[in-house]
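Step one of this worksheet: look at the structure below.
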Amino acid sequence: MSRGVRWAGAVQGTAAAVQLLITLSFLRSVVQAQVAGVLDDCLCDIDSIDNFNNYKIFPKIKKLQERDYFRYYKVNLKRPCPFWAEDGHCSIKDCHVEPCPESKIPVGIKAGHSNKYLKVANNTEELEDCEQANKLGAVNSTLSNQSKEAFIDWARYDDSQDHFCELDVFSCSDERSPAAQYVDLLLNPERYTGYKGPSAWRVWNSIYEENCFKPRSVYRPLNPLAPSRGEDDGESFYTWLEGLCLEKRVFYKLISGLHASINLHLCVNYLLEETWGKPSWGPNIKEFKRRFDPVETKGEGPRRLKNLYFLYLIELRALSKVAPYFERSIVDLYTGNTEEDADTKTLLLSIFQDTKSFPMHFDEKSMFAGDTKGAKSLKEEFRLHFKNISHIMDCVGCDKCRLWGKLQTQGLGTALKILFSEKEIQKLPENSPSKGFQLTRQEIVALLNAFGRLSTSIRELQNFKVLLQHSSSCTHCCEAIVEQFTL
């Protein structure tokens, strides 16, 4: 072999080794994006949440989400956007949802209405993006005949119960809408769909800019992924939060935490490749870095992840508070399968017992604790802002994204409803419905699935950390290789 060939090979080897070393160095920086320490506005540390969630809560909540009572969610994906002309849906024929014939609707789901949906897709600017989004964002409408029969039975059972709850509080619900249809959540996992661009930005910009109590003196967009953010000074930008009252800070953190959780799910279940028409899903480290790495986000990434933990604490507190409601013998998780229903309730009560054992809960009594008139006015403003965000979810252009956005928003709304109904929950009668506090099937399903999404996010953060630590373990070996090639 000539000296020139050997030299060229050495150069190529050096370049490859250097590239690998750069990649592993990048992986180390992503590991550093993991947050630690005590959360603001509460006395809970992140390590305690990690251990509690990953070893106690996550295995049980994952199992609960697979039960029939919690896997089917009723939602209206056809409600028009109330704020602007819809431009988010793909114009290609295959992107639209075709209604299912009434004869094919599961008996247990329909309640005198034609309830079943099928395919839809997202929208992006480019035609090929639209075609890909059509496939990835479509809602899987598959429901067995057995499930359809069960849904009608469920509807009869629910209608026979006395309902006194006010649906239009925090948890805006679709369940009484004629266009609402059941979806099997296990067949429609939350993951990357290709939904992006102006339509997606407009949704989050509207949420952040119009509903998160942003001071008029703050000009930079709050949306962390806005295409144009003006002068961006990273983490120091958030000094404006310190001037807000606790309630408004909490509101912003809840929305930011929800956004972070959704983004994390997309990073975990990203479309890595598609061969022979079959997509391959998995963690996308580059995308994770873009959204959360402290260097690339100028320190904002860890803040977003801390807000995810804060949201987890809020919903965890709600579960611990609502336990007495479900501990009553009058409350059934009815699907018609007596044995499974009993097992499901036992599992749910076990989760509630775990939530009550957590030692560092958020103290919601510190909120709306000022003078009665001012607290009432602030609480109403808080409620209206959240209700507005619930309606904005109807502007999401991708049906699968809209499905999970509406579910998680309703779940958070139900959690807030619980936290602000402590007195009513304490007065619940053991053997009869309560006129002061009640939860519908959809609120229960949304509450537990929304919390399950947060539990999954925290678990996946640890999976990212382990994955990246393993990847960086060979760094020293690579450094030796680079040194050998550069001698």
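Quick reminder: no glycine exception, Cβ is built from N, Cα and C everywhere.
Here the structure is a predicted model, which means the values were calculated and not measured.
Residues or ranges marked as signal peptide by TrEMBL: 1-33.
Positions annotated as disulfide bond by TrEMBL: C90-C95 (among others).
The disulfide bond annotation in TrEMBL covers C130-C165 (among others).
The Cβ of R191 (FAD binding site) has 19 neighbouring Cβ atoms from other residues within 10 Å, across all protein chains displayed. For R191, T193, W204, S256, H259, R291, the entry in TrEMBL reads FAD binding site.
Counted within 10 Å of its Cβ, the other Cβ atoms near C398 (disulfide bond) come to 30, all protein chains included. According to TrEMBL, the disulfide bond annotation covers C398-C401 (among others).
Residues annotated as active site, nucleophile in TrEMBL: C398.
Per TrEMBL, the feature active site maps to C401.
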Name the one residue among R191, T193, R291 whose Cα is closest in three-dimensional space to that of C398 (disulfide bond); these are the binding-site residues.
T193
Grab the FAD binding residues from the record (R191, T193, W204, S256, H259, R291) and give me their largest CA-CA distance in Å.
21
Measuring Cα to Cα, how many angstrom lie between H259 (FAD binding site) and C401 (disulfide bond)?
12
For R291 (FAD binding site), which residues in the same chain are close in space, meaning a Cβ under 8 Å from its Cβ, but six or more apart along the sequence?
P224, L225, N263, L264, C267, T297, G301, R304
Express the distance between the Cα positions of T193 (FAD binding site) and C401 (disulfide bond) as a whole number of Å.
8
What's the CA to CA span in angstrom from R191 (FAD binding site) over to C401 (disulfide bond)?
8
